[in-house]
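What TrEMBL annotates here:
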type     : residues : note
TRANSMEM : 13-37    : transmembrane segment
TRANSMEM : 58-80    : transmembrane segment
TRANSMEM : 92-115   : transmembrane segment
TRANSMEM : 127-148  : transmembrane segment
TRANSMEM : 160-180  : transmembrane segment
DOMAIN   : 191-289  : domain 'Copper resistance protein D'
TRANSMEM : 224-249  : transmembrane segment
TRANSMEM : 276-296  : transmembrane segment
TRANSMEM : 375-393  : transmembrane segment
TRANSMEM : 437-454  : transmembrane segment
TRANSMEM : 466-483  : transmembrane segment
TRANSMEM : 495-516  : transmembrane segment
TRANSMEM : 528-547  : transmembrane segment
Amino acid sequence: MSLLVDVFGYLSVVIHGLTIVAQSMMLGAILFLALLARPLASRMGTAGPDVIRDSTRIAFWSALGLMMTEAAAIGLQISVISSTVDLPINGILGAGFAVSGLIKIAAAFAIAVLLAGGRLRAPLGPLLLAGAIELGAATMTTHAAARIDNSLLLLVVEGLHQLGAAIWVGGIPCFVAALARIRDVSALQAVGPRFSRLSMAGVAFILVSGIIMAWYYIGSWQGFYGTAYGVMVGAKIVMLLMLLALGYGNLKVTERLKRDPATPVLRMKRFAEAEIGIGFTLFFAAASLTSVPPAIDLTQDRASLHEIAERNRPVWPRLTSPDHDQLALIEKQQQLDTEAATAHTNPQLAFEPGSGDLPPRNAADIAWSEYNHHWAGIFVATIGMLALLNRAGLRMARHWPLIFLLMAGFLLVRSDPEVWPLGQEGFFASLRDVEVLQHRLFVVLIVVFGLFEWRVRVGGLEHSRAALVFPLLTAIGSALLLTHNHAIANVKEQLLIELTHTPLALTGVLAGWSRWLEIRADGRTARIAGWIWPVCFVLIGLMLLSYREA
């Protein structure tokens, strides 16, 4: 069990991200019911009961999802603590995280009971009360609960931040469901502006609370750009700007709809779908913040602007690889094997996956990693260029997804030289190491969306559901990259690596949801999106080509 602590740490971040998604959808659906669906039911005509029913179902299933993810999170933490610290389970259940989690489960259970069977007239008072209790319990697991100074203020601000996210992002699934039901223009003219106002309130809550938290948790510009916490906050800001751009586009549609009832609303539906995806990715970035302390608490090992600029100074890509035998871990293992042979004993492993220790590194290891990233950059940039040529009308370039398969094979062999197939550690044993596990997941994603997209390109499946696999897996892979920690500690060297991975993930998010809009939208929106995502791939390739570790 002790060798799986790193994997459990990563899984806890992923599960926490799913918990935030479920919580936001549950609270967002309840507020959508209370502030839009029920008050405007009469104006929606025959669609009114269906909109209420859809919102009720979303809240119900989100409550069940919250119960499951929170129970999984508690169980995971209990497993880790009980395996590393000699404490009885009863003692662990009395800890703050467990008490708060159990309260969240109880509140979600109450909400599920109130909404069971798709009840159209579930009492709003108890629903809102249970939602408030759940939100309060969730706030008690944030950084604010551990602060000594200004704890009450920060607890209120954290709660406001989560409430704003629930109103805006958590309410969008209900809004999309409502748009699918409504056929009457007058109903659209009522629902669109009402949700826009609710979203503006949510945005205001997020901005005000975010600024206050940045002041107390980051404290300085160096804390913003020189710590892991600040980098992830920066990633959240970039995704927030993406959401605001999409939201502004939808606001323009609702304003135009007021003046002209014939205004098409397809773009509003598709923008809202992209908002859901980007918003959920932002929630995973928020979950990753729980694995690092606030920037203001880290006065050592911060990266300076000079160090960041020096690390990102353009140099010629490394296109030749060092020998495998030159790597530090391989050299150390050979030394241990020689010593064991001399002493007639079994050789000790130089590195054990999942132990929590980083493998030794030397100049050859750095060169090996840079070589991997630079050749991956060549693959990705080539994919982007061929996709652009295909978009411009070059039919032969439609086979560009097959390059993903070449890249997947390259990464499978070279991404982790200390384990299978190049190293001594076997395939399944190597999965105890969280970084190896993440790399293997990325390889699987690359193979799957490469095959699906190739079938779409050569099989005439542009308008089938198979076409959605590529944008969805691109977005999922980018979200996983945002939670891809090279080290839990805020070591400066690892932070400098994270500073290169975060822009890759953000560009991947933009690429995935641009491709989604190309497929799902029409007209000018689809045409523009169809050019954006290949350009994003070219940019990702160029960023990988400039990757450095020294």
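Just so you know, glycine gets a Cβ as well, placed from its N, Cα and C.
What TrEMBL says about a protein is an automatic prediction, not a curated fact.
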Per-state residue totals over the domain 'Copper resistance protein D' (191-289) - DSSP helix, strand, coil:
88 helix, 0 strand, 11 coil
Sequence-remote partners of the transmembrane segment (58-80) [C-beta within less than 8 Å, at least six residues beyond its ends]
1, 5, 8-9, 11-12, 15-16, 18-19, 21-23, 25-26, 29-30, 33, 89, 92-93, 97-98, 101-102, 104-105, 108-109, 111-112, 115-116, 118, 127, 134, 173-174, 177
Outside the transmembrane segment (437-454), six or more residues from its ends: residues with CB under 8 Å to it:
7, 10, 399, 401-405, 407-408, 411-412, 415-416, 431, 466-467, 469-470, 473-474, 476-477, 480-481, 484
Do any residues of this chain, six or more beyond the ends of the transmembrane segment (375-393), have a C-beta under 8 angstroms from a C-beta of it, and if so which?
317, 319, 399-401, 403-404, 406-407, 410-411, 457, 530-531, 533-547
Could you check whether the transmembrane segment (276-296) packs against the transmembrane segment (528-547) - three or more CB pairs closer than 8 Å, residues at least 6 apart in sequence?
no
State the non-local partners of the transmembrane segment (127-148) in its own chain: residues 6+ outside its ends, Cβ under 8 Å from one of its Cβ atoms.
23, 26-27, 30-31, 33-34, 59, 66, 96-97, 100-101, 103-104, 107-108, 110-111, 114-115, 154-155, 157-159, 162-163, 166, 216-217, 289-290, 293-294
Do any residues, 6 or more residues outside the transmembrane segment (528-547), come within under 8 Å Cβ-to-Cβ of it, and if so which ones?
312, 314-315, 317, 370, 373-374, 376-385, 387-388, 391, 471, 500, 503-504, 507-508, 510-512, 514-518, 521
